[in-house]
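> What follows is a structure written as structure tokens; I'll ask about it next.
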């Protein structure tokens, strides 16, 4: 009995020792986890330090420029590809034996593809970074454009053009994210303008380049020119570094054997989250948020008028003035000048007005900060109908052709400044995530409507004439002129009622 009792005691002692050892291991593990967690927090604190050169927001102005300019050129090359084919519409009509309206489908389906592409890019951008989107999507874009150039069937041309737009559109969506990675929100206006003006400047350059290609070579050279422009921009983007904060922090934590600051989402969860940001929430905001609805309709209409001009300009300058294809392409330089002036105006207003208010009037920024973004748009939206009325009244043989060409300057100035101020305003109102959804709603409506306008422009101009068709567009613009002025006055009250406002 004594022997058995002694054995039981020894067994209990061993079990107690084992239990204590497990507790010690658990405590040690907990201590290790706490230590790792503390190190991760320290990693984030170090990352946000003003002298941390790994943080893209602390890079020098020159280094930031080396990352922003190639991205802006990528966006420019994609949007130029949308319209570069338009001077070749007559050759497409002849080669494939289709109507003139059908010959415009390569333009319209491309623009429609630009509305779809960002939804595919968002999950990749947020989980793998910006760089991979640029470096993978652009080769695909160029391959599909190559296919469009070699297509021997009209259906093949349409399919390749649509897929090219879907492949190239991610650059437009991710470009704004790169700007946000490099600059604080209050300093985004100037660099952001370079990226934002691409959807306006690119389509203006397309007919200029495509006009020479379609006149002196085969229409396929409109596609080869598109590839060359995209390739030049792509070469510049290859040496750029990753800028996405989440991805960079995750990589650094991995190098230091630390848990990531923000655990990586499962692919299914990432897709669900980002579809919410890029599709479901944008549609909900479009029908429930007055600010998003008003500006989306306004921007969509003015953007669509720009694309309507791809048919209105040849109708006027080839029909009224007897221009050749390459000559009518050059008339878009007037719109290009207006876009550049609008970009410069937006930057100057930001530097001379908005930044001064930020420095000197903190209370004004706290109470009506987002509304201070509307100044340049309030000027620009007066220029939109002026440009259209100018064009309507002067586009005739009895007046020199340069006069209606100059009408494109105020129209384009108003178009780009209204869009820039709307984008900055919505990002300030809704913050990064909901602001991205607001801009996604804006882009979805803008490109969808823009795709449709070229298909009925010629019929409208033939039925109403140049004067009344353009005056009709001007009248619709006049109805929308009060939008930025109304939001400047009543915006704070509208924002207070919004569940998405930050």
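The backbone N, Cα and C atoms fix where each Cβ goes, and this holds for glycine too.
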> Give the range, chosen from 258-278, 468-488, that TrEMBL lists as transmembrane segment.
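The range carrying the transmembrane segment annotation in TrEMBL is 468-488.
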> Of the listed stretches 132-151, 163-183, 374-393, which one has the most C-beta pairs under 8 A with the transmembrane segment (468-488)?
374-393
> Need a quick answer: max count of Cβ pairs under 8 Å to the transmembrane segment (98-120), which of 132-151, 163-183, 195-215, 291-310, 374-393 is it?
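Highest pair count goes to 163-183.
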> Which value does the mean pLDDT take for the domain 'Major facilitator superfamily (MFS) profile' (67-492) in this predicted structure?
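Taking every residue in the domain 'Major facilitator superfamily (MFS) profile' (67-492) and averaging pLDDT yields 90.
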